[in-house]
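Feature list, courtesy of Swiss-Prot:
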{"type": "BINDING", "residues": "350-357, 396-400, 450-453", "note": "GTP binding site"}
{"type": "DOMAIN", "residues": "341-508", "note": "domain 'tr-type G'"}
{"type": "REGION", "residues": "350-357", "note": "region 'G1'"}
{"type": "REGION", "residues": "375-379", "note": "region 'G2'"}
{"type": "REGION", "residues": "396-399", "note": "region 'G3'"}
{"type": "REGION", "residues": "450-453", "note": "region 'G4'"}
Amino acid sequence: MKNVTIKSFSEEIKIPINKLIQKFADAGITKTNIDYVSLEEKKILLSYINSHHVNLPKNLSLQKKTKSKLNISSLNGKNKIVKIEVRKKKYLKCDSSLLFKDKIVKNNIDKTFCKKNIKDLNKTKKYVELSKNINEREINFEKKLIKEPILDKSKLKISKNLIKKNVKINKNLNIYKKNEFKQNLKKNKLNKKEKNKKIEINYKVKNKNENIFKKIKSNRLFGSETNFFNNNIDKKTNIRKKISSLTHTFNKPLKKIIKEITIGETISVFELSNKMAVKSHKVVSNMMKLGIKSSINEVIDQDIAQIIAEEMGHKVKLIKNNALEEEIIKNQNKNLYELKNRAPVVTIMGHVDHGKTSLLDYIRTTKVALKEKGGITQCIGAYYVKTKKGIITFIDTPGHAAFTEMRIRGSKITDIIVIVIAADDSIMPQTVEAINHAKIAKVPVIIAINKIDKITSNPEKVKKELIKHGIFLEEYGGDTQCLLISAKSGLGIDFLLDAILLQAEILELKAMHKGMASGTVIESRLEKGKGPVSTILIQEGRLHQGDVVLCGCEYGKIKAMQDSFKCKIKSVGPSIPVEILGLSGIPISGDKITVVKEEKKAREVAIYRQNKLRESKLRINKKIKIENVFSNLNLSTKKNINIVLKSDAHGSSQAISNALILLSNEEIKINIIYSGVGPITETDVALATSSNAIIIGFNVKPDFSNIKNTESIGLNIKCCSIIYEIVDFVKQKIYLSCNTKYNKKIIGILIVKNIFQLPKLGSIAGCIVKEGIVKKNSIAKILRNKSFVHESKIISLRRFKEDVNEVKSGTECGIVIKNFNDIKPLDIIEILELEELNKKI
């Protein structure tokens, strides 16, 4: 390519000469107005422009913030402070001509290179044409040789071979050049397309920016308030720029997907439909086909769920719901340690006021009986005593009839039962109950006849009565030990302890003293400042402070432990009662407690048990509702007394609720709508007000704030410390709520003589009193031909146009009967009076 002058080059790329010389100077080439520009210099200039090209911002924005506060008066009269922040933006647009000039220079240089490439292509075309002409000449020359006479055969062959070789070489060259030419053309086309696209995109973006800038300028005319909303415009434009096309990769399944469904012992219809990825109404319709009616939220059995899933073409895997529980039990390191002798667990049972707690006080050298309210034991207690011959654990049970469940619980966890019988009172109902509990539990019994130091005592009578109830003493050839004791003086108590230890030796009581502990909850309560406190009896292993335990529906890490003497301990072995702190809630008395390695597993099992308990309660309530639908329709007149019961311990609340339910009769039903452990709270008050219930507290006190609220509502709260008081209070409520029964008594007889009609009163019967008296507002029974016609109230009684309250026999009167005008002459009217009967509970 020939050298070009700077003037012609500047005209070609459309840039002033001065600026072009400056660009060359920046690139390191000194040029004047007269100098020429070579191809190499052009390349250097182009590379410099490409390397030093910087995208400058099109707009320069200056943001200004002004903050202020406004005092606004509200409806209440108080002033409100509102913070205001005004944001102003000012834009300075760069000269667009400068930005475009750089691009024009670049584009012009690219065009020159494109021209150069086109010239090169033209050259190659000429070269191809020349090669074609050469080939044609060679072919013509060959034809001439063939036409001429053959002089020398050898020369002719050589010339032919040479010609063939030349033709092949030329053909290969032509093919190679043609391919090269095609590739160059394609590349040029692609480059052109890409450049055109970029130019178009830049042009569109510029137009958009110019439009936005114009809008902002126009908004400035309306003042600074409009600038507050400019941020939103900028955000919207940015969002529009970032829009990208999304393509989903989901393919609709052509075949039915067969799933493997895990089904537990119970599953709801909604859960089953989710597992099968089917709409729940389809599952319900399939169940209807099988003749099973159910709703979406209803829980179905494992067998029904399996049949439905298999019918819908899915595989079923049956699992046990208590699989995790079984795994926890397996993980316990049982049978790894040696069995050693343990202390016997002795439960003391008997009738009320027969001296059970007094006996324990003498053994333990304490005064528990004096501190007990009402002089009776109302909660189960566990203590261990160190004697000269060994340790004995005693469980004290209440003797009242209401505490049957506590006695059953005591008989289940015990090794020996000591039945205390008062020598002056003989065998009573709870004594018989204790004997029956011992027989059911198959536990050996020791009879302790107490109060032998009294003058009225008769131990022989007690011994004879025991035979009637199947207890055969050693004196009469049986195997039951009988001892005469006095809890006050201590007479015979040492012999009783010896008898207990002897019986323990015969039983050969053994347990593991190491490993993961397990036991039973004797009692649980809620204490202020401590939270849930549980009294447990360890039966196996060793319990340490910090162990994770699972107890029924509750779990937790043991924070602290204390023995029956209120001393803090770090660990405890078998047959020793202990109080523990740290459970998540109050466990149910009688629940099994086990040590678990992982807290996560303990929590999972506890949640599963809670859900199972909730489901079972819902099922029971549903059955009760269905069974009582028709009975409630017939017995709509039956009254309900709703009670909210709160007690200090779980066992006490259970016993009291059972005792109160037994007070229900034909007219009144006792409903324990809620029973819990702990003080009376605001939620209890809210529940009682909504259900019109009585709040009963046993050994608990309500908050004073709640009492103030209840006074205004008129809510009834009764706090007692003795079970007798609660029973008497509820009995009184039943007596007051009972419907009074009346007996109808005939006090007078009338005979209708004449009928008068008045527009206001209706039919007036003119009668004569044959017997007795007639009273106003009394009931009139109308008989016609000795058959009943109507019975209603007398609303008006007159004698000679005067209103009177009563009329005696032998006199005439006029009466008006309520809602009855079909009175006829010679009708007989009986006057009735209601007589109240005595109430009975």
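Note that Cβ sites are derived from N, Cα and C of the backbone, with glycine treated the same way.
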Taking all residues of the domain 'tr-type G' (341-508) together, what is their mean pLDDT?
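Summarising the domain 'tr-type G' (341-508) by its mean pLDDT gives 82.
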Over all shown protein chains, what is the count of other CB atoms within 10 A of the CB belonging to Thr397 (GTP binding site)?
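Thr397 (GTP binding site) is surrounded by 29 other Cβ atoms within 10 Å.
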When secondary structure is assigned with DSSP, how many helix, strand and coil residues does the region 'G4' (450-453) contain?
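Within the region 'G4' (450-453) the tally stands at 0 helix, 1 strand, 3 coil.
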Within the region 'G1' (350-357), how many residues are helix, strand or coil going by DSSP?
2 helix, 1 strand, 5 coil
Using all protein chains in view, find how many other C-beta atoms are within 10 Å of the C-beta of Ile452 (GTP binding site).
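Excluding its own Cβ, Ile452 (GTP binding site) sees 18 Cβ atoms within 10 Å.
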